[in-house]
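Per TrEMBL, the features are:
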BINDING   20-27, 87-91, 141-144  GTP binding site
DOMAIN    11-278  domain 'Tr-type G'
Ligand code: GDP
């Protein structure tokens, strides 16, 4: 751990996630960031091998499908900073996981495919960032290929995402004619060299867009490019770090992740501008990162990262104070003190024991079934962090066992998968069905696969007459009793024991809402 005061150490933290549409280049840019952080020696090893916990069956399934459904945390040093990068699953069916991960970061990097611009998944993720005014830095990728006109791309970012786009560097050509990027603020050209993707490339610079060297580099295109840059300077807003930190402006960088070009320029600014760990709200008060006492919340639970350790890891964002190995923490929901001897960190996909971690860092707690998403840990104060969402599922199936003797295993498996946020499970009050809910259809397959792989139960799905679910709350116990009696056929308990209304149709839901105005039927529940 580097020296310096506690406040200085926190000041050095940069905790962020990458948001993008699938295939825009998130994995590739992650590799390059880790390369710059010297966490891996040669880029290209993230996707292929995924570190030491290489190929569990689970990972095989991911690879076969070419999707990434798990997410992890990577910490690496860069210049004076300690960067925490939280990976988010790219596939739309796992968006719940992504949303929760976004509650644990202080800023995001948005990666766009230069040929495609703003795609629908990016729009959704932006909406989530907007809920908390999360600062966003943008990287337009794949400039080594034919991309769209960069002016159009900026327009699209502004109009579709409703944020001011401030280009910091500008691409000099694209595709086969890609020559480099030009920094609008320092009047410096960074020259692109092909075939440098697997190494940290040399940074060849030319000072001055109007220099003779620049004319030589740009050749016949020199005049056009100079004109375009002059136009861009006049037509776009200058970068303003305060506007960026307020979530109203995004600085835009261009480059190619595959060619590892433009990434360093982006990263250099990122570590400079991106926010340090920010205060977090609890039910009672705002928690400042430099408070001495530890506090944090669990935003994700993940199983089976290492086939040798069949445990589950609860990812906790530290919001204040310091974690030290062997310390006692209060598990607030349970009102219990637990000694945490073996938290883990995720240095470039490798799990290693951490001695100390501070506000802004993520640690992994071994979870033997007691930790749930949304749980707060402190050094005694009964805090509860707010804003970690739980979304009503959109898709439902009844789940049935091939071997009815395995009901216990099935229930246990589903309960644990529900705690992890991999699925949601409902136990109807009036029958013995088990109903599984998902936000995306792929989740069903994943659940069946994991039940078989990890809990040795073979389950099949059947259609069930449920269109949507709502968590039911009512302050008046009498009214609640009446509601429970009259609607019993549609009521269930979810995996956490919360009363849930399973509506067969949207119309039924509206009618029920009208009939029981004093019952609050909520589409989201806070953990
Ligand atoms: P993800 O789905 O967002 O993680 O995207 P990947 O990083 O897996 O990239 C998707 C595909 O685009 C892969 O085949 C990459 O090799 C390719 N790719 C990523 N970055 C670039 C780039 O800068 N230029 C080109 N030509 N291809 C890229």
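Going from the start of the chain as shown, residues are counted 1 onward.
Just so it is clear, glycine is given a Cβ too, placed from its N, Cα and C backbone atoms.
DSSP gives residue 26 (GTP binding site) a helix state. Checking the binding-site residues 20, 88, 143 against ligand 1, the ones with a C-beta less than 6 Å from an atom of that molecule are 20. Secondary structure at residue 143 (GTP binding site), taken from DSSP and collapsed to helix, strand or coil, is coil. Residue 20 (GTP binding site) counts 24 other C-beta atoms within 10 Å of its own C-beta, drawing on all protein chains shown. The Cβ neighbour count for residue 88 (GTP binding site), using a 10 Å radius over every protein chain in view, is 24. All protein chains considered, the CB of residue 26 (GTP binding site) has 24 other CB atoms within 10 Å.
According to DSSP, residue 20 (GTP binding site) is assigned to a strand segment.
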